[in-house]
Amino acid sequence: MRLTTWNVNGIRNPFGYQPWNAARTFPAMFDILGSDIVVMQELKIQRKDLRDDMVMIDGWDCYFSLPRHKKGYSGVGVYTRNATCAPIKAEEGLLGVLPSALGQPYCELPEAHRIGGYPSEQQVAELGVDPTLLDAEGRCVVVEFPAFVLLGVYSPANSNGMRDDFRYGFICALDCRIRNLVAAGKRVVLVGDLNVSRDELDSAGAAEDMKKMGITHEEYISTPNRRIFNQLIIEGEVIGKRDSGRERGVLWDTTRAFHPERKGMYTHWEQKINARPGNFGSRIDFVLVSTDMKSWIRDADIQEGLLGSDHCPVFVDFWDDVQCDDKNIKLVDTMSPVGIFQNGLRQKEWRVQDIPAFSAKRLPEFDKRRSIKSMFSAVPAKKPQGSQPTNSMASKSKAEANSASAMPSLPSNDAEEHPEPSSTESHAEMDRSSLKEHKRKPSSPVKTKPLKKQKTDAEAPKAKGQQSLKGFFSKTTASPAKSAATEDSERSRQELGGATTPAAQQPGTGPKADPPPRYETPEPPNGSQLSANDTENTISPASAISISPSHINAKLAAVEQNQKSWSTLFSRPVAPLCEGHKEPCKTMQTKKKGSNQGRSFWMCARPLGPSGNKEKGTQWRCPTFVWSSDWQPGKADKAESDVG
């Protein structure tokens, strides 16, 4: 069995990266992770944003703690695979003050329905933080299995000192709840993004931070949040006497225990400085277990090669057989309610009715819903015999019969090759057929006014034999010019309603279609020069207008110059080359408050190295820095050519 924790930086964020973007589904993601329990942090959604593909996942149950007030902020989710584990209780928040599904706060529920370990009134008062606000930010999901109590946590980050009191109160509440659970005789597993590192080994920038702040190693280890965290961990470094009530550590750092001397084992990298390629990061994501669960862990590690967030997944693998209460048992037997598994074999099937009320599948918007798989697996109801077709079906059959009788008879080979059209298609075909027959009926000679040639771009409906767009623009052979007498005779026949030449004999013409305009002057026959009289009779007034090649070239040049001007205006500026690698720089914008806030600048595009500093003569980021307002490509190129 595997348990994985991952700060995804947005619940759908990983789907933009390999390998998650191949299927873009949560079951596929869980299969790639190979986990039975997946704990996600920083979901950045609210309850109204939950969708079927997040909740109604076949074979999985899920529990969410989402922020009540802030949008796109924090959020913790726990997914459990039904085939291997099933929680018996689930809650939201550290202090148990939020209302449960029964309407009461979790801490006030009967003993059989609550997890326990809630801080006392005195302990809550010592936090110095409103307990409701602390639990309402969507930072903790507590799930209990018969084997242990799982806490999925997203601890507040260090926000430049703006929320130090809230951050300190949260880690104090976390320490208090865990110690209370351990004192009650329960095993505890703490996983998630705790936003605190143990020591310098877990932070690439620790030495630089200590130098900037002017503090020693002892002072660095003794910062308030780090001191509480190290007192919670077994073998955590604590300077001086331990605090009252924290006389011993109660949780075991699984990843560090399996890799005690490993350097660069980081789980988070700053995206703003592109620190991941150079592995300039910190280890702030943990899987911590109770002391008596040491023998349960088979392996623990990070998965720094899996992209999709500014964090990487961290996992632990459990042994199939574990030592529990001096007995050697199958782990799956104690990961589900009593009677579900026995000796590693399933005895009962998982049911939605048996899951805790806090499950997302029990929410009103998802309760009594079925997944697509269950919908198709259901047995359809049998149709009673002797039932009459509905009115809609009867009317549909009648419409099909009427349309079939109105359809013109088709040749036998067409009837065999084409399927029978629907009623809607039949009516459409009937209308088109009647329209064609109406057009083809010979009418008595009626004097009509000659149609005036339209000057607009609108064309008549396409008639049979009309040219396609491709044929219109293709080069055609010039036909002999008609004389004025021929044109007059044709116009007379049109006025008398006489028959015209069939469309099949003259492609590109129709009953009401105007001949396409010709923009090129016909070539003289046999390359000879035409007389003035022949030219006057042959060339139409529209084609008589001559445009000189120089005029056309001038027009094209003006259009091209206009396009270049717009392209120059909207195109990205030419990037300068960095000093260390002679590669194009990248542009950034100053976010720090001050006189330069909002200004853009150029810097080396390479990532920071392991030292976290700009370096000369290495493969990492060099010290190149140029304000965008000072960068002038033309002068720079001229200066380089002068030097050369």
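Backbone N, Cα and C define each Cβ position, glycine as well.
Copied from TrEMBL, the annotated features are:
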- Asn7, Glu42, Asp193, Asn195, Asp310, His311: Mg(2+) binding site (BINDING)
- Asp193: active site, proton donor/acceptor (ACT_SITE)
- Asn195: site 'Transition state stabilizer' (SITE)
- Asp285: site 'Important for catalytic activity' (SITE)
- His311: site 'Interaction with DNA substrate' (SITE)
- His311: active site, proton acceptor (ACT_SITE)
- 376-544: region 'Disordered' (REGION)
- 391-407: compositional bias 'Low complexity' (COMPBIAS)
- 415-436: compositional bias 'Basic and acidic residues' (COMPBIAS)
- 474-486: compositional bias 'Low complexity' (COMPBIAS)
- 526-538: compositional bias 'Polar residues' (COMPBIAS)
- 586-619: region 'Disordered' (REGION)
- prompt: Taking the Cβ of Asn195 (Mg(2+) binding site) as reference, which residues of that chain separated by at least 6 in sequence fall under 8 Å from it?
  reply: Ser155, Pro156, Ala157, Asn158, Arg167, Ile284
- request: May I have the list of same-chain residues other than Asn7, Glu42, Asp193, Asn195, Asp310, His311 whose Cβ is within 8 Å of the Cβ centroid of the recorded Mg(2+) site, in sequence order?
  value: Asn9, Gln41, Tyr154, His268, Ile284, Asp285, Ser309
Query: Under a criterion of Cβ-Cβ distance under 8 Å and sequence separation of at least 6, what residues of the same chain contact His311 (Mg(2+) binding site)?
result: Trp6, Asn7, Val8, Asn9, Asp193, Thr267, His268, Asp285
Structural state census, the region 'Disordered' (586-619) (DSSP three-state): 0 helix, 8 strand, 26 coil
Query: Which chain-mates of Asp310 (Mg(2+) binding site) that are at least 6 residues away have a CB under 8 A from its CB, listed by sequence?
result: Asn7, Asn9, His268, Trp269, Glu270, Gln271, Arg276
Field: List of residues, in chain order, with Cβ under 8 A from that of Glu42 (Mg(2+) binding site) and at least 6 apart
entry: Asn7, Val8, Asn9, Gly10, Ser74, Gly75, Tyr154, Asp193
Statement: The sparsest Cβ environment within 10 Å, among the recorded positions Asp193, Asp285, is found at Asp285
